[in-house]
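Visitor: Dumping the structure here so I can ask a few things about it.
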Amino acid sequence: MTETVATSAGSDWLRIIIGLVVVLIFAPLNALLLVWLERKVAGHIQLRLGPMEVGPHGLLQTIVDGIKLLGKELITPSRADRILFPLAPVLVFMPVLLAFLVLPFGPQLVIREMNVGLLLIFAFSTFTVLAILTGGWASNNKYALLGAIRSVAQNVAYEIPLLLAAMAVVFMVRSFNLSEIVMAQHRVWFIFLQPVAGLIFFICATAETNRAPFDIPEAESELVAGFHTEYSGMRFGLFFLAEYTNMFIVCAVAATLFFGGWHGPFGFGLRIPGVVWFLLKTYVLLFVLMWFRWTFPRVRFDQLMNFSWKVMIPLSLVNLVVTAAVLKLL
Amino acid sequence: MGYWKEIVEGGWSLVEGMRVTVRRLVKPVVTVQYPRKRLEMSPAYRGHIEFVRFPDTGTHRCIACGTCQRTCPTGVIKVQGIKEHARGGKVATHYVIDFTRCSLCGLCVESCPTQTLKFSREYELEGDSRWDGVIDLMERLEDGR
């Protein structure tokens with residue numbers, strides 16, 4: 001339905017307003033579903049059931065948790081920064097919403113076509129780091145600050161191979177436009193042409209979203225909860241919401257860049273709407289992220305840095321050079 | 001060379017780890033939804049001790065000999081009995097254990113000359129004071145638990 005509404009809405013403004021409303025509804029729902037799914041996947045990997053009490057198979061558990069979070073008092077530590085402390089949760093959430101602007105959910109289902117769509121996503125994703133640093137610094141708490149500093153170092157380290165891996169795809173399509181990147185994959189997905197870039201992209205995306213095994217900024221067993229130690233109630237909820245929406249975005253970008261976006265596998269499934277394929281691929285990738293989390297132990301900070309600077313960056317550079325050379329020769 | 005070897009071997013170990021967890025994901029879960037579903041207790045399970053009710057007499061055969069009380073390494077058993085007839089043996093009238101200090105070694109069960117002691121299948125004990133751990137076996141037998 002949204003597809004028809006969006007395409008029939010000729011004016012750009014109307015399209016953006018409808019898109020934003022849909023995104024504002026979709027983002028929390030997606031987060032609710034993912035939190036529930038995360039707990040179920042964790043439960044089943046550990047041979048237990050996960051939440052089962054509230055609603056069928058614990059489906060209402062996250063909603064109840066959300067209501068509980070809403071009811072909690074918003075505590076501000078006595079010597080915290082009065083302006084930056086409440087600002088950080090808002091800062092962390094805004095860029096995540098903006099990334100939805102250029103994601104191609106279907107052939108016509110893009111809120112705003114942009115020639116620099118991919119750049120926009122990467123540009124705004126760095127805002128999250130700023131928000132985490134703001135939150136950690138403004139909390140006036142050593143653990144929060146340590147978590148925030150770790151987050152910045154980690155994001156700087158992993159942003160480079162992430163961009164280099166995405167560049168390999170951009171080299172092949174010669175465009176930053178996400179819809180064009182998807183259209184270039186109507187025969188073969190880029191994961192088959194660029195497997196190394198795909199792998200590097202996904203590993204770096206895991207690190208960028210601060211997910212295990214790269215959940216160094218949170219590291220609840222070492223840093224209490226890291227950058228959001230001092231946040232309570234819905235302020236903490238916003239960090240949580242942003243994390244899960246961010247996960248959706250990186251998986252959606254991975255699906256767009258490497259898994260053919262809205263295309264069905266190998267040209268099959270043409271009768272199924274593109275948005276279904278797109279969401280299916282995104283959620284499969286999200287499941288893989290969860291699978292990572294419940295498989296691998298957290299890496300140490302020096303291992304994390306070594307892995308990025310000594311393995312990911314050289315590998316992605318080599319991959320980029322080889323891609324450029326092959327494209328030049330062909 | 002070590003650099004590439006480490007990448008390949010490290011990568012393979014990650015794949016191996018993921019294989020383990022995905023297998024667990026599709027295996028049936030083992031957790032029981034406890035208050036609604038209960039497992040049959042294993043015959044080897046040791047709860048606190050209790051009296052055996054013998055079908056011929058409908059009661060225990062404790063003769064208050066005090067063997068269990070003497071063998072108990074932590075001294076948690078208190079048994080008292082009376083002689084009802086001048087020629088008859090003693091019969092237990094009081095049998096109390098302090099389960100909070102019991103180590104479930106089973107020496108009492110082993111040493112009982114009339115085999116009147118056994119381990120119960122009790123696993124749902126709770127209490128808000130340490131006196132809730134003091135269990136009267138006579139009372140238990142009378143209540144028919």
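Glycine is no exception: its Cβ is also placed from the backbone N, Cα and C atoms.
According to TrEMBL, the protein has these features:
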- B:Cys62, B:Cys65, B:Cys68, B:Cys112: [4Fe-4S] cluster 1 binding site (BINDING)
- B:Cys72, B:Cys102, B:Cys105, B:Cys108: [4Fe-4S] cluster 2 binding site (BINDING)
- B:53-82: domain '4Fe-4S ferredoxin-type' (DOMAIN)
- B:93-122: domain '4Fe-4S ferredoxin-type' (DOMAIN)
Visitor: Within a 10 Å radius of its Cβ, which of these binding-site residues (B:Cys68, B:Cys72, B:Cys102, B:Cys105) has the fewest neighbouring Cβ atoms?
Guide: B:Cys105
Visitor: DSSP helix, strand and coil counts for the domain '4Fe-4S ferredoxin-type' (B:93-122)?
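Guide: Counting residues by DSSP class gives 8 helix, 9 strand, 13 coil.
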Visitor: Sequence-remote contacts (6 or more beyond its ends) of the domain '4Fe-4S ferredoxin-type' (B:93-122), Cβ cut-off under 8 Å?
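Guide: For the domain '4Fe-4S ferredoxin-type' (B:93-122), the far contacts come to 41, 45-52, 54, 60-65, 67-68, 71-74, 76-82, 130, 133-138.
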Visitor: When the Cα-Cα distance from B:Cys65 ([4Fe-4S] cluster 1 binding site) is computed for each of the binding-site residues B:Cys102, B:Cys105, B:Cys108, which gives the smallest value?
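Guide: Minimum Cα distance from B:Cys65 ([4Fe-4S] cluster 1 binding site) across B:Cys102, B:Cys105, B:Cys108 lands on B:Cys108.
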Visitor: From the DSSP assignment alone, can you count helix, strand and coil residues within the domain '4Fe-4S ferredoxin-type' (B:53-82)?
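Guide: Helix/strand/coil tally for the domain '4Fe-4S ferredoxin-type' (B:53-82): 5 helix, 6 strand, 19 coil.
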Visitor: Can you tell me the CA-to-CA distance separating B:Cys105 ([4Fe-4S] cluster 2 binding site) and B:Cys62 ([4Fe-4S] cluster 1 binding site), as a whole number of Å?
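Guide: B:Cys105 ([4Fe-4S] cluster 2 binding site) and B:Cys62 ([4Fe-4S] cluster 1 binding site) have their Cα atoms 20 Å apart.
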Visitor: Given the recorded [4Fe-4S] cluster 1 site (B:Cys62, B:Cys65, B:Cys68, B:Cys112), which additional residues of the same chain have their Cβ within 8 Å of the Cβ centre, ordered by sequence?
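Guide: Other same-chain residues with Cβ inside the cutoff are B:Ile63, B:Ala64, B:Gly66, B:Thr67, B:Gln69, B:Val79, B:Ala92, B:Cys108, B:Ser111, B:Pro113, B:Thr114, B:Thr116, B:Leu117.
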Visitor: In Å, rounded, how far does the Cα of B:Cys72 ([4Fe-4S] cluster 2 binding site) sit from the Cα of B:Cys112 ([4Fe-4S] cluster 1 binding site)?
Guide: 11
